[in-house]
Structure formats: structure tokens, C-alpha cells
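A short write-up of the structure that comes next.
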Amino acid sequence: MNSQTSVVGVHYRVGRKIGEGSFGVIFDGMNLLNNQLIAIKFEPKKSEAPQLRDEYRTYKLLVGNAGIPNVYYFGQEGLHNILVIDLLGPSLEDLFEWCGRRFSVKTVAMTAKQMLSRVQTIHEKNLVYRDIKPDNFLIGRPSSRNANMVYMVDFGMAKYYRDPKTKQHIPYSERKSLSGTARYMSINTHLGREQSRRDDLESLGHVFMYFLRGSLPWQGLKAANNKHKYEKISEKKQSTSISELCAGFPNEFSKYMTYVRSLEFDEEPDYAFLQELFDDVLRANGDTNDGVYDWMLLNDGKGWESSSSHFSVVAMKRRKNYLGLNVVQNDDSRKKNSTLQTQNMRFKSSYGVRGPRNYSSFDALPSKNAPLVRQEQSASKKTIYAHSSRGYDRVRPMYVSQPSNNAVGVNHPNDNSDSEAKGGFFDMICCRCFS
């Protein structure tokens, strides 16, 4: 193959296809100037709802903060917009699966402190995230300096909750379109109320209990369509008391949920108080925040990285419609495609929507980079369960090594399943070794 056909942005070599989503395709790759491993996202320029330029802008707001990946380049290549971003490790959802779909109290408390810090950072930048879920939190690449740092990715749903200059909070409103993932979204979001900081924190609490319990009481509900399913999930969340949700686990988790659900729409959360709750969990449990997580103890203490030839990961293959809703396949189809042998891959992880997990070697030849065709819209926009006409008021991420032509960016010094009312860009990203 001609090397020129697999180099984009002047010096980024495109490797293998590692994921795809509603809006494009992802490849791994390498920066030819410094041999740094990267991920490259491709988006058709004629996409009805292009996201990569906005994604760049969001990362520009957040750059320099712990747990926010670096993004190096945004530009155009042929029929596509491309974005070059740090190659990270697996998502917390992946690690959760590999740990038998249950985390220890210690791991949940330590992970909660990191996740809470990331959300606080976003809030301090005047944004609410609006799609908290385990898939959107990744750890660092194995053997890297920050291998067990929790990173936050996929800011396609983020929105300003206050004016960056005046700090004036947006007004309270109702009858809003759903945005986020039904399993984890707040009760107020289900009720069509404008989201604010309190909703991100409530969603975090649902994720914490998911990690502790293995599942949430509102998972697995059956309904004729997504609208009715969201309604059932909402009803079950409202009827499940906090004491029932948190039964059998340290009382601090109940205190967390009680506090975040009691916040007013425009109230500033006491993040220090919430952090202290998880410190209390560790102390009461006789643990310390030593950075030793459950996934590091797999394979007789060798860690998840050494599990590539030993683990079979159960993965549900989903198809996505125009609205970005992940529709679970029927049971027969799921069984047929349920087991993914990891012998030929280091790991998998998710930048947003979890999708097909059929990894293959794929070079970024122009002939193979045809624009993706999104499926036809099948849901009405007339209810709060449909995509808003403004595309969820997206704001977005990114960084650049050297702008050229239409490229934008700045120089960087370094370097069970519930339907989702969400349109994320990509499904998965994995670290792979170059031969």
C-alpha cells in the first residue's frame, strides 16, 4: 500500500479500524513525528449533524485539567472531517464486565472520587455534561504514567448552564427533550425538566449504585417501544426509595443520593462534602485511597492488561437509528454474537455509544472511507422523548499539532441494556500495538 494513502493531517499514520458510531468511524494510529499512539475519528463532511469541530471547541475549554484527554488536530481529508485525540484505555463499563459485573466498595469509592472531580471540572467551566454513564469514563493507556487515571470523553451532549462571563444561570424550564442515557439519567430529566449540575450528580449516583449492585432496579423493563420504556424506567426510579436503592451498602451512598436529589435547580453543589463522603467510606471500610483498583488484581495480580488471551467478554451488539438510540437485538441474535474472544486485541473501550464489537484490521484507504449513511428517522419529534431540533445544543472538543489548510486547533506541548436518547460519535477505541 502506498504510504501516502494512510497518512492524514500531514504526519498522522492511520492504522486499523477500531470502532464506529452514528456519526463516523474511528481508527488507531501514530504520530510519525514522535511515535505517539493516537486515535483518529472520521466524520463525513456532508453529515446532517457534524460534530467534530464543536468537539474541538469543547476540549479547548477543558484542556489542561486532569482526566481530560488531549486532542491534537482537526481538519479535512477528502470527504471527511478528522479529529486526532489521545489513545486511551478501556472504559469503566469494560472493566466492570471483566471484574464479573461487580466492583468492591473500595474500588467504587476511589473511582467515585475521580469521577466526581471530572464532573466538578466541567461544571467549573460552566458546562453540564448531560450524559453520565460508565462508557464515557475511560482509564489511561496501559503502562502509561496515568494508566489508572479516570478520563472523561464524548462531550456531544454538553451544554452551558450559565453565562461564562456573567455567571448568570439559565432559567428553569420544562417540556425539554430527553438527553442522556435512560438507565442513569436523573428523575428530573425523565420529567422533561431542564438539566443543571444536580442532574449530572444524580446520574453519577446511579452509576455508583450500578457498580455496587451489579444492576439497577429499573433495568430489564419490557415495553413496546422506546417511549414507553423510558416512561417505565422513570416510574420505577420514582417508586424506588433511596433506602431501597442503597440497601446493604455503606450509608454514605444513601447520603450522597439524598443530598444530590435535594439540590435546587440553580444551587451550587458542595463538591467537598461529597468527596468527604467517599473518604468516609474508605476509612470505615479500613481502606485507603491507594490507587489499587479491582481490575489491577485480575489474573493473580497481573492486572487486566494480561488478560487478552484468557477473557471472553460478553458483548451485546446494538444497532443505532437516526436518533442515536441503541436498540437491543433480540435474544437469538444476541446469543449468536454474544461472545467476543479477546485473544487478538489488547482491550476495548468506549468513547460514548457502545456499539458493534467486531474488530478488524482496516487501513484508511480513500476507497474504504465512503461517507456513512445514517438510518432514517423513525421517532416523532413531538414528544420529550425525541431528539430536539437543535441537536441537544451541542458544544464540543480538541487540539492540534500544526494547523494546515482548513485545520484548526492549537499547538499542544505534550504529546442488559437500556436504550439511549443520545447521539454520540463513536463506539469504541482500543489501544493496539504497532508492528
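Just so you know, glycine gets a Cβ as well, placed from its N, Cα and C.
These come from Swiss-Prot:
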DOMAIN    12-282  domain 'Protein kinase'
BINDING   Ile18, Gly19, Glu20, Gly21, Ser22, Phe23, Gly24, Val25, Ile26, Lys41  ATP binding site
ACT_SITE  Asp131  active site, proton acceptor
MOD_RES   Ser361  phosphoserine
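Ile26 (ATP binding site) counts 24 other C-beta atoms within 10 Å of its own C-beta, drawing on all protein chains shown. Every protein chain shown contributes to the tally, and the Cβ of Glu20 (ATP binding site) ends up with 21 other Cβ atoms within 10 Å. In the predicted model, the domain 'Protein kinase' (12-282) shows an average pLDDT of 94. Looking at Ile18 (ATP binding site) and Asp131 (active site, proton acceptor), their Cα atoms lie 23 Å from each other.
For Asp131 (active site, proton acceptor) paired with Ile26 (ATP binding site), the C-alpha to C-alpha distance reads 21 Å.
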